[in-house]
Structures are given as structure tokens and as C-alpha cells.
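A.B. asks: My structure is below; once you've seen it, I'll send some questions.
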Amino acid sequence: MIVDERARRASGYALVAIAASGWGTWPLILRHAPIPAALQSAIMMAVQALTGLVVVLLGDRVRARASLSQWAAVLWLGVSDALNVLLFFAAYQRTKVAIAVLTHDLTPIFVALAAPIFLREKAQARTFFAVAVAFFGLVLLLEPWCAGFGRSDLAGAALGAASALFYASNVLVNKRLLAVFSASELMFFHSLVAAPLLFALVPPSEYGKATPAALGVVLAGAVGPGAICGLMFVWGLRRVPASHASILTLIEPFVAVVLAALVLQERLGTVQIVGGLLILAGAFVVIGAEPAKVGVQSTS
């Protein structure tokens, strides 16, 4: 029924929006956790693996047999997520935050272009319009022209764009695998691959720099914005087109900027407010789309 499909999609959009809003709290959390970025991401992946396992044992499973190629896709998901995190943090180290975030958030464009081919989602002018509006809003929100642009910024922008490619790959592969894996199964298995890779890249000397208080903050963040929001995103992704979900993730930088203004008293100008409103407008454009088949049966 159309009513049931609309309710299902509405719940999916809500889950993705809540997840993206939760991710927007990461800058505040990490500000209180002065730990090397590689160690932060490795801890987050380890917590995600443990959380995913707990939820799987509680019954969140898909009763289907995965093929060898689908297991290979899970392996790739772990590798690509690790590369996404590493490249994004590397971008942070080489350029301004605005440039790193802006290039990393090219993801909705990549997903919108690839979803009709990779997932056979129907290409809609409405989706591309929403991407354009929301991304223009992101540019206004972050004001990258205020940061200046040098040679290191070019390298940082390239790293941010590369991380966006792997982030887009994560969205597309997650969506494709939801027919044979639940959200928690995907979180457990792919984090089981990504966590050892990330821990292996942490220099031994870095472990001694982590204080108990900072570790506690990172662990709390890994459970909340990390694991719980990660599960909510994939639960939502099951119900809506991947291109729509990726547009809604632009709520993340919007929330981060608003929280920085409210909590840290950072500047929030008129141009940034307009940018935030455009991001929300792009989100409402995709939410208002007509119901269509999204290709995966619900088990959540």
C-alpha cells in the first residue's frame, strides 16, 4: 500500500537524519579527547564491532545465505571504511577544516551519479536538484574562501575528495548488501576488518599519549555517534534510496556548525545561516519525493 510505503520511507528518512545529527556532535566530543586521530578511529571501529555483535546476538539478523562475492563485498566495505577515515583525517592535517569537510562531503554527488548504475535506482531530476541545492548550501555554510588556499590546501582537498569516494562506496555497498545482511551484521563484519587495519597504522609511541579521561570520551563517542548512529543510518538506508540518504547526511556539518556557535561561541554569520537553510531545503526536496521501490525488503 502507498500509505505503508510512505510511512516506511518517512521512518527511514528520520533514522538517517537522526544519525547525521548525531555525527554532527563529533567535533565537540573529539575536542575533549586529545588522542591521535588514527587511534581515535581504531577505537571507534573496535567499539562498532562489539556493538554490532551484541545487536546480532539479540536477533537482528537476515536469514539468507551470502554468496562468496557478497562476502568479498563485506571485506571491501571494511577496507574502504578504513581508507575513508584515514584519508579524511589526513585531509584535516593538511588543510583547513572547511576545505576538508567540503571535499569530503562531495559524497552525495558521487552517490547520486553511481546509484542508477550500481543499484539500479531510478535517476530523478528532483534528486540532482536536491544535491545541487544542499551542496551549494554546504559551501555557504563552511565559507571555504575565508580560509585561503595554498599548496598544502590542494593536497588536503585531494585527500578529502578521495575520502568522499570511499564514503560513497560505503553507502552503495551497504545498500547492496542489505538483502543478505542486517545493519548490525554489516557493522560487525566490516568493523572486524577495519579495526585491525587501523590499529596496525597507529605508531606504538602514540598509545602512551592517551589519558584515561580522553579514552573515556572517545569510548562514549564510539558508542553514541559511532555505533548507535551507524546502525540507525543503515536501518534508514534499508528504507530509502541511497542517493536520498547521502543528501540527508549533509545535516551533519550543519549540526556541527550550529553546536559550535551555541556551545563554543564560534561565529555564525548570515551567509552560514542561509547555507544551513539551503541544506535543509535540499533535505526536504528528497523527503517530499514520491514513494518508489528501494530494492530491499525490511527486516528491521
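Cβ coordinates come from backbone N, Cα and C, glycine included.
No curator has checked TrEMBL annotations; they are predicted automatically.
According to TrEMBL, the protein has these features:
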- 11-142: domain 'EamA' (DOMAIN)
- 155-287: domain 'EamA' (DOMAIN)
- 12-29: transmembrane segment (TRANSMEM)
- 35-59: transmembrane segment (TRANSMEM)
- 71-91: transmembrane segment (TRANSMEM)
- 97-118: transmembrane segment (TRANSMEM)
- 125-142: transmembrane segment (TRANSMEM)
- 154-173: transmembrane segment (TRANSMEM)
- 180-201: transmembrane segment (TRANSMEM)
- 213-235: transmembrane segment (TRANSMEM)
- 247-264: transmembrane segment (TRANSMEM)
- 270-289: transmembrane segment (TRANSMEM)
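For each feature listed, report its degree of burial, its nearest neighbours and the pertinent distances within the displayed model.
C.D. replies: Counting residues of the domain 'EamA' (11-142) by DSSP class, helix then strand then coil, yields 105 helix, 0 strand, 27 coil.
Non-local neighbours of the transmembrane segment (12-29) in the same chain are 217-218, 220-221, 224-225, 228-230, 232-233, 235-240, 244-245, 248-256, 258-260, 263-264, 283, 286-287; each lies 6+ residues outside the stretch with a CB under 8 Å from one of its CB atoms.
For the transmembrane segment (125-142), the list of distant contacts is 98, 101-102, 105-106, 108-109, 112, 241, 243-244, 247, 250, 253-254, 257, 271-272, 274-283, 285-286, 289: same-chain residues at least six beyond its ends, Cβ to Cβ under 8 Å.
Tertiary proximity for the transmembrane segment (180-201) is limited to same-chain residues at least six positions away from its ends with a CB under 8 Å from its CB atoms, namely 38, 41-42, 45-46, 48-49, 51-53, 55-56, 60-62, 64-67, 70, 74-75, 77-79, 81-82, 85-86, 174, 227, 230-231, 234-235, 238, 299-300.
Tertiary proximity for the transmembrane segment (270-289) is limited to same-chain residues at least six positions away from its ends with a CB under 8 Å from its CB atoms, namely 10, 13, 17, 124, 126-127, 129-143, 243-244, 247-248, 250-251, 253-254, 257-258.
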A.B. asks: Taking contact to mean 3 or more CB pairs closer than 8 A (sequence separation of 6 or more), are the transmembrane segment (247-264) and the transmembrane segment (35-59) in contact?
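C.D. replies: Contact between the transmembrane segment (247-264) and the transmembrane segment (35-59): absent.
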A.B. asks: Do any residues of this chain, six or more beyond the ends of the transmembrane segment (35-59), have a C-beta under 8 angstroms from a C-beta of it, and if so which?
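C.D. replies: Apart from its flanks, the transmembrane segment (35-59) reaches 81-82, 85-86, 89, 92-93, 182-189, 191-192, 194-195, 198-199, 201-202, 206-207, 209-210, 214-215, 218-219, 221-223, 226-228, 230-231.
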A.B. asks: Would you list the DSSP helix, strand and coil counts for the residues of the domain 'EamA' (155-287)?
C.D. replies: 109 helix, 0 strand, 24 coil
A.B. asks: May I ask you to check whether the transmembrane segment (71-91) and the transmembrane segment (213-235) make contact, with contact taken as at least three Cβ pairs under 8 Å and only pairs 6 or more apart in sequence counted?
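C.D. replies: By the criterion, they do not touch.
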